[in-house]
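Novice: If you scroll down you'll find the structure; I have some questions about it.
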Amino acid sequence: MTNIRKTHPLMKIVNNAFIDLPAPSNISSWWNFGSLLGICLILQILTGLFLAMHYTPDTTTAFSSVTHICRDVNYGWIIRYMHANGASMFFICLFMHVGRGLYYGSYTFLETWNIGVILLFATMATAFMGYVLPWGQMSFWGATVITNLLSAIPYIGTNLVEWIWGGFSVDKATLTRFFAFHFIFPFMIAALAMVHLLFLHETGSNNPTGIPSDTDKIPFHPYYTIKDILGAILLILVLMLLVLFTPDLLGDPDNYTPANPLNTPPHIKPEWYFLFAYAILRSIPNKLGGVLALILSILVLVIMPLLHTSKQRSMMFRPISQCMFWILVADLLTLTWIGGQPVEHPYIIIGQLASIMYFLIILVMMPVASIIENNLLKW
């Protein structure tokens, strides 16, 4: 009798995706982040569900309902901090996952890559709306500043902003709709992630060499299931270290002050994982220009396959491109640092230079480095 996992309509899908899936024999730990993102998403949905049971999306009670969760609900504090720090872990895994894709040329799987970019945008939108929900000072002013950016759109901008707000300022209507969207988006992300996986399994995984591995495949289970479990243990270890020892390390102290429309905080800044994009936004003196640069800083990922001028897929055997890649990483870290600093000298000029460098490396230096390497191969 054939095994049920190979015949049952539902089990067959699971089997082909996680058990009998042919995987390259040489994929490194950089390939762990996909499964870690899945774990993060499940964790966020579960903790979020339990938080939603006690949260009230109303301007008068939102802040106190979060306090109530932390003080009065059984293990509410751990659920709240797992959700808040889980978002940070989610973005760490996301950045690693995207970085891996850039380094090893995984963006040549066009459909998988483009859905990945959509997933990145959806996750960023979800995180932004979630940050508004506790209704602290940074929640309110973050929502005001970021939604206000849409007013830079010519002609329809102002109407669009007021439509999103549901009034003439960030208020009760805004909070209620953000809660509704924050609840539904993760399920859309889960659906998109399944499509992401579907397209990936059409081609099979890439590997560090970038060379087709059809001649050397191994079953996903037990080899990569055990490897993914190790990754998951480390992820949960780091998350719980954050939650139990320094739960507020990555948060903003201003968010422990209830939202007050009459009092602007001295430094309005988003969560750490948006600081690089925020720095790019602030580095352009023009409002519309800044908004475009902000969107393009992420959207540039879509054209990565067009910018691939190398004859090799991966950067494994391309030292000049490797150099460019790590300069880009350093540049992103610089932008992240600048995004958290006040708008004054010397931070303004550093931010502007880092922003120019960001686009210059991706659009010019990396493709040129690839062409140089192609020519070096002829020698």
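Glycine is no exception: its Cβ is also placed from the backbone N, Cα and C atoms.
According to Swiss-Prot, the feature transmembrane segment maps to 33-53, 77-98, 113-133, 178-198, 226-246, 288-308, 320-340, 347-367, an assignment based on similarity to another entry. The heme b b562 binding site annotation in Swiss-Prot covers His83, His182 and is backed by similarity to another entry. The heme b b566 binding site annotation in Swiss-Prot covers His97, His196 and is backed by similarity to another entry. Residues or ranges marked as ubiquinone binding site in Swiss-Prot: His201.
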Novice: Looking at the stretches 113-133, 178-198, 226-246, 288-308, which one shares the most CB pairs under 8 Å with the transmembrane segment (77-98)?
Specialist: 226-246
Novice: When each of 113-133, 226-246, 288-308, 320-340 is checked against the transmembrane segment (347-367) for Cβ pairs under 8 Å, which one has the most?
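Specialist: By Cβ pairs under 8 Å, 320-340 leads among 113-133, 226-246, 288-308, 320-340.
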Novice: Identify, in sequence order, the residues in the chain of His83 (heme b b562 binding site) that are 6 or more apart from it along the sequence and have a CB within less than 8 Å of its CB; answer 'none' if there are none.
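Specialist: Counting only residues 6 or more apart in sequence, the Cβ neighbours of His83 (heme b b562 binding site) under 8 Å are Gln44, Thr47, Gly48, Leu51.
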Novice: Does the transmembrane segment (113-133) reach the transmembrane segment (226-246), going by 3 or more CB pairs under 8 Å (6 or more apart in sequence)?
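Specialist: No, these stretches are not in contact.
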Novice: Which residues, sitting 6 or more apart from His97 (heme b b566 binding site) on the same chain, put a CB under 8 Å from its CB?
Specialist: Phe33, Gly34, Leu37, Gly116
Novice: Where else in the chain does the transmembrane segment (288-308) make close Cβ contacts, counting only residues six or more beyond its ends and a cut-off under 8 Å?
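Specialist: Apart from its flanks, the transmembrane segment (288-308) reaches 98, 102, 105, 107-108, 110, 113-114, 117, 120-121, 124, 149-150, 152-154, 276-278, 280-282, 355, 358-359, 362-363, 366-367, 370.
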Novice: With an 8 Å cut-off on Cβ-Cβ distance and a minimum sequence separation of at least 6, pull the same-chain contacts of the residue listed as 'ubiquinone binding site', or say none.
Specialist: Asn16, Ala17, Leu21
Novice: May I ask for the residues of the chain that lie six or more residues beyond the transmembrane segment (226-246) and have a Cβ under 8 Å from a Cβ within it?
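Specialist: Distant contacts of the transmembrane segment (226-246): 29, 32-33, 35-36, 39-40, 78, 81-82, 85-86, 88-89, 93.
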Novice: By the DSSP assignment reduced to helix, strand and coil, which category contains His97 (heme b b566 binding site)?
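Specialist: Where His97 (heme b b566 binding site) sits, the three-state DSSP reduction gives helix.
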Novice: Measure from the Cβ of His196 (heme b b566 binding site) and count the other Cβ atoms within 10 Å, all protein chains considered.
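Specialist: The Cβ of His196 (heme b b566 binding site) has 21 Cβ neighbours within 10 Å.
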Novice: Between the Cα atoms of His196 (heme b b566 binding site) and His182 (heme b b562 binding site), what distance do you get, rounded to the nearest Å?
Specialist: 21
